[in-house]
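**Q** Take a look at this one; I'll ask things after.
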Amino acid sequence: MLLEIDNVTLAYGRIQALHGISLTVGEGEVVALIGANGAGKSTTMRAISGLRPVSQGTIRFDGEDITKLRADLRVIRGVSQSPEGRGIFPGMTVRENLEMGAYTRKVRSEIDEDLQRAFTLFPRLKEREKQAGGTLSGGEQQMLAVGRALMSRPKLLLLDEPSMGLAPMLIQQIFDIIVEINQQGTTVLLVEQNAQQALSRAHRAYVLETGRIVKEGTGADLLNDPAVKDAYLGVA
Amino acid sequence: MDFSGLIDNFGPLTVTGLAQGAIIALFALGYTLVYGVLRLINFAHSEVFLLGTYACLFAWGLFGLDQNSATPAVGPMLLYMVVGLIAAIVVSGAAALTVEFVAYRPLRRRNAPPLAFLITAIGASLFISEVAGVLTHRNQTGVPPIIQARPVFTIGDTTVTNLQLLIIVLALVMMFVLDRFINGSRLGRGVRAVAQNPDSAALMGVNKSRVIALVFLLGGLMAGIAAVMYDLKIGVTRYDAGFLLGIDAFTAAVLGGIGNLRGALLGGLLLGVLQNYAAGLFGSQWLHAASFVLLVVILLFRPTGLLGESLGRARA
């Protein structure tokens, strides 16, 4: 397993956000994490990327225990996150934002190669190359956040709500790109409110409710699960 | 009010103000760099500067120089300048890092509230300044005449001295170097990233602690240079020199837009010049009163300062 989370609990002050979560992501998979607002999806992502310290439990990545490892060192190990709210650097140009994604890397020719790859995946970013990140539209910022997360050549790409705030056509497009990224060899763990898209594109998925995993299965199984349908897919 | 005093001396007041403002600007960088990254006013920065003013005097003392020494020839003068600058830069840089490691980092580790940082900052500032006061018996210390102020050129009726020229040019060069470093280098990009979004910066692999140490160090280096220029220009230093000029430097940083490097330069030069105009107009006892009136007025119309807040947005 590339990522193994074992019985992780996490609290914000006195508020318990995660009550013992266990999940795994295998190499080459696309795994989705779905659930309502406040279920702990983004908190799980932050625990994996190291932005929030966990209270208990262990997180193993690529065979190594990274539970206590600083966030910036996890990037070097191969974990990369496109955060909730996108986290664009507003005063940097699109190009500078993308280059920030390659901050831990040294080989200039490889970085340039990946810049071109990002511009190929998101031609819109090429058009906006010299524009400040803060002036982009929501959808463009989302592309930038995903493109930037790829610039570290991660083994595991964490995507927090990649479809948030996007027009329906763009949602299709961003999921197409996620599948494409996966086919190029990157493992993906994604958090989504858009359960329909997430489940139909993911190999496997977990359903999160108030800090606990209540269901897991293949994307197709969960798509056809009556309880999931009822709660997350908006069809009675 | 003495309008003729201002008009007659407009040129000299401007040049003196620019030199004074250049020192203030270099000093102000430390406030603005740390604020840009941590949203913290490092009040102990004034003592980082203070220690620089003493460090360079100490280094000159090792050559047997004191305020009664004769002005050296050009060769030794250059040597003294280099040694004095190195001493001040090393001591101020080390002092800034020490303040960060001793006073602030432990608080950050404990997730202390912002008020705790403020009190610690004031405490660290008072501690250093009082130790200096006790050690010097609260007397001022004279500066050896390393550079004799001589006119180098005259525009109209305004003469510019070698010292004024040195101070202004050195400040501009240092500003340029720092600006290139922050906007052009990989480490500088890390600084801007932490300033703009600390969480995202961590997700890019930026070591936040290292960036914080770096901005304290850079602020200290600039304060060290400002300290040597101050010694040469004013001719004496005292245990409260950092506090007094620190208020000007902090004002300049806010005036230009705290967190903004170019704002510190603009704010410093503007403040230096306007203080001298005010001194010409109302008498020098009104110098500080005038600068605060100016600060209040500017903040009424532009609450984020002339060039606006934030380190990374300086380009936009």
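Cβ coordinates are placed from backbone N, Cα and C, and glycine is handled just like the others.
Okay, these came from TrEMBL:
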TRANSMEM  B:20-41  transmembrane segment
TRANSMEM  B:48-65  transmembrane segment
TRANSMEM  B:77-103  transmembrane segment
TRANSMEM  B:115-135  transmembrane segment
TRANSMEM  B:163-182  transmembrane segment
TRANSMEM  B:211-230  transmembrane segment
TRANSMEM  B:250-274  transmembrane segment
TRANSMEM  B:286-303  transmembrane segment
**Q** With pairs closer than 6 in sequence left out, are the transmembrane segment (B:211-230) and the transmembrane segment (B:48-65) joined by 3 or more CB pairs under 8 Å?
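**A** Counting Cβ pairs under 8 Å (6 or more apart in sequence), the transmembrane segment (B:48-65) reaches the transmembrane segment (B:211-230), since there are 3 or more.
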**Q** Within the same chain, where does the transmembrane segment (B:115-135) have neighbours whose Cβ lies under 8 angstroms from its own Cβ atoms, ignoring anything closer than 6 residues to its ends? I mean 6 or more beyond.
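**A** 40-44, 46-47, 50-51, 54, 95, 99, 102-104, 107, 239-240, 242-243.
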**Q** Please work out whether the transmembrane segment (B:77-103) lies in contact with the transmembrane segment (B:211-230), by counting C-beta pairs under 8 angstroms that are 6 or more apart in sequence and asking whether there are at least 3.
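**A** Yes, since the transmembrane segment (B:77-103) and the transmembrane segment (B:211-230) share at least 3 Cβ pairs closer than 8 Å, they count as touching.
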**Q** Taking residues 6+ outside the transmembrane segment (B:250-274), which of them lie with a CB under 8 Å of any CB in it?
**A** 13-14, 17-29, 31-33, 35-36, 41, 171-172, 175, 178-179, 182, 195, 290-292, 294-295, 298-299, 304-311, 313-314
**Q** So if I exclude everything within five residues of the ends of the transmembrane segment (B:20-41), which remaining residues of that chain have a CB under 8 angstroms from its CBs? That is, six or more out.
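**A** The answer is 48-49, 96, 104, 114, 117-118, 121, 167-168, 170-172, 174-175, 178, 191, 194-195, 211-212, 215-216, 218-220, 222-223, 225-226, 229-230, 233, 245-246, 248-250, 252-253, 256, 258-261, 263-265, 267-273, 275-276, 310-312.
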